[in-house]
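Visitor: First the structure, which I've put down as structure tokens, then a few questions once you've had a look.
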Amino acid sequence: MMIALDCDQRTIEEAIAAKCDMLITHHPFLFKDLSLDLNSYVGKCIALAIKNDLVIYSSHTPLDKVSMNTWLCEALGLTEITDFEESGIAKKGTFTTPLTFDDFIARVKAVYHLPVVHVAGEKAMISRVAICGGSGSDFIHEADVDAYITGDLKYHTGEEATIQNKVLVDIGHHAEVIMVSHLKAELEKCTDLTIVESCSPDYYRYL
């Protein structure tokens, strides 16, 4: 069994090369309804998996709600982690000792292995932080925190945050790769199957 962040051709080929029977991912490759065309990219991925008897399971929203943002909060060192919006997906927590703005940004980059992050707004000290991995800008106004971490932030969302003295940090989607090791550890508690971690590289390079 292999665990990966993304379900794509490279990951399917990686799982086949590792002689895995099953691939578990967070991000699926089926986001929209489709009629199967084996000449399309998705069709070729499906055909490749079928040809090699590879079972694929993608847990996107369920994993977001149950564990993903808790793992992201814990990695950052937040305590008192709770829900703050109706869906229960996004989480918020508190640093035991508040961080300066610069130390906070440095920790975000170090913990999520990011060479750069997009940041809007600034505060002298950061204590309360909310996190919603992926595209989580919908919950910004529900989070009464010093800083909000998510991905896919739009330009004018940053403008609004600056005007309102809020701190927004865009860590992209690949920070969710943290799920690979965490899910592996959870599954190893309940199965004796061999579980392999995908390398799950980022699609983007930072030049």
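Indices start at 1 and increase along the chain as displayed.
Placement of Cβ uses the backbone N, Cα and C atoms for every residue, glycine included.
Under the heading divalent metal cation 1 binding site, TrEMBL lists His26, His27, His173, Glu176. The divalent metal cation 2 binding site annotation in TrEMBL covers Asp64.
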Visitor: Counting all other Cβ atoms within 10 Å across every protein chain shown, which of the binding-site residues His26, His27, His173 scores highest?
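Guide: Counting every other Cβ within 10 Å of each candidate, the maximum falls on His26.
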Visitor: State the Cα to Cα distance, in Å, between His173 (divalent metal cation 1 binding site) and the residue listed as 'divalent metal cation 2 binding site', rounded to an integer.
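Guide: For His173 (divalent metal cation 1 binding site) versus the residue listed as 'divalent metal cation 2 binding site', the Cα atoms are 12 Å apart.
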Visitor: If you draw a 10 Å sphere around the Cβ of Glu176 (divalent metal cation 1 binding site), how many other Cβ atoms fall inside it, taking every protein chain shown into account?
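Guide: Excluding its own Cβ, Glu176 (divalent metal cation 1 binding site) sees 24 Cβ atoms within 10 Å.
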Visitor: Which residues in the same chain, at least 6 apart in sequence, have a Cβ under 8 Å from the Cβ of the residue listed as 'divalent metal cation 2 binding site'?
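Guide: Within the chain, the residue listed as 'divalent metal cation 2 binding site' has Cβ neighbours under 8 Å at Ile89, Gly133, Gly134.
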